[in-house]
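The following features are taken from TrEMBL:
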type   : residues : note
DOMAIN : 27-71    : domain 'CAP-Gly'
DOMAIN : 450-529  : domain 'Ubiquitin-like'
Amino acid sequence: MTAWVPPDALGRRILCGTEYATVRYVGTVPPTAGIWLGVEWDDPQRGKHNGTHEGTQYFKCRHPRGGSFIRPNKANFGVDFLTAVKDRYGLNNEDNVHPGKESTLFFGRTVEFVGMDSIIEQQRQVHRLNQLVDISVRECAVSHAGQKEEISRTCANIRRTDLSKNLISSWETVTDIASQVQNLEMLNISENKMKFPTTSISVSSAFLKLRILALNQTEITWTEVLLCAPGWPALEELYLTSNNITVLERPENVLQTLKLLDLSDNQLLDGNQVHQIAHLPSLEQLMLRNTGISSIHFPDAGLGCKTEMFPSLKHLEIKDNKISEWFSINELDKLPSLRSLQCRNNPLMDTEKNQETLRQLIIAKIGQLEVLNKSEILPAERKGAELDYRKIFGSDWIAAGGHWNPERNKPSEEFLAAHPRYPSLCLKYGAPEEGELKRQQPLTLKNQLLTLTIKCPDKPEQKPLEKKLPDSMTIQRVKGLLFRLLKIPGSELKLSYESSKLEGKEVELDNDLKPLQFYSIENGDSVLVRW
């Protein structure tokens, strides 16, 4: 049984039916005749053995049953880039045009000149290909660039290309394709298991304008990323999910323009690995979802100070990890530019049954945060969270040596380590006094009645009313009560309140679904009604 086998078949990626594999052996397997391919399947369930046949080891597999032998005629070694593009976009007309024969497929008439139909259609194809800016050939079995300069002649205007889940076996193939696309800005080559350079390489001009690069599920290591990175001088976004990256190294004079880095689904050795990338000057977004980290620490900055690490970081994603201590949340307040945080599905999130309470604690601990778990933090919510935090932990503060008199205010280091923002909250709202503090109690506050004064500042003829309302009452229910109480015609009410302890400051009650206690309203406060 004979079949053509590419001379570089060893190490190539192939398709066998719908299954992907890598060729690990080419040769005979006695006592059978003919050439066999020893392949390692991406899905080990597809295999039969580890590369051994009748006691002879022909190749090795990572999985003990991840290998098989197949005949070459069962293997699809893929197509060149342009063939895939023409197939995907319906421009491959080889079956419809026959040079030397008349054809009625074009223009609805018979072509008189022999071969002219083919020439005209080829010119049309070139024109169509040159118009393509965004190209996706995902799962099109692309394995090589094709003839030299053919891509640059026919697809000169490509800017964004999706080459994911193909049969690309090496970074060199990617470079061969990209070098013919002068204005390439975005490239997705995820889900291609390929070989990357393991030593320094000459810098190619293929990626000079590349801004976005996706290398998810390519088995690249961080060391290999840094070896390729000199060729990405303008790169802004780099996606590296699911690559078994465990150890990071500090980038030296590379990735300096990077704004977004996604390392999700890589099991990092420990949380300190992120220190290696902490000095990328332009990094604004860092995704560390499901990386196994259990703590975050910025040792260069003391309590209440800002770290020099991650100077531009605005968005951090650390959900689906193993963070279990409030210490790590306290540390995030050291990041000077942090504005958005995603931290769901960490053990810490299970320490409070009330998720709303948990949210308030995180808001109070990270002063500059504007978005938490994709939900905007409004000014009223921040104020309520900080006032509540200041009050709830006030008794601990006093017990630890805190005092409203600055000369006697000496809280312990232990308290400040647990509550590093507490001094700044005292500066912002004033230090709590013993008389105003609640006893330490569970953060899921018990319902209680509040004595409030109802005022209508735009209606001086309306006398103030005093009402007792449960602090669990929602703003929507309060509005319904006031409609009936004040006999207001069908209008939209706008509520706010004034604290008896913060004179002159008015806080809008702008969320109908929140209870009064959400805004830290207390006995003696005034509710202002406008319509």
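In case you wondered, yes, glycine gets a Cβ from its N, Cα and C as well.
Curation does not apply to TrEMBL; its annotations are automatic.
If you take every residue in the domain 'Ubiquitin-like' (450-529) and average the pLDDT, you get 84. Assigned with DSSP, the residues of the domain 'CAP-Gly' (27-71) fall into helix, strand and coil as follows: 3 helix, 16 strand, 26 coil. Mapped onto DSSP classes, the domain 'Ubiquitin-like' (450-529) shows 16 helix, 26 strand, 38 coil.
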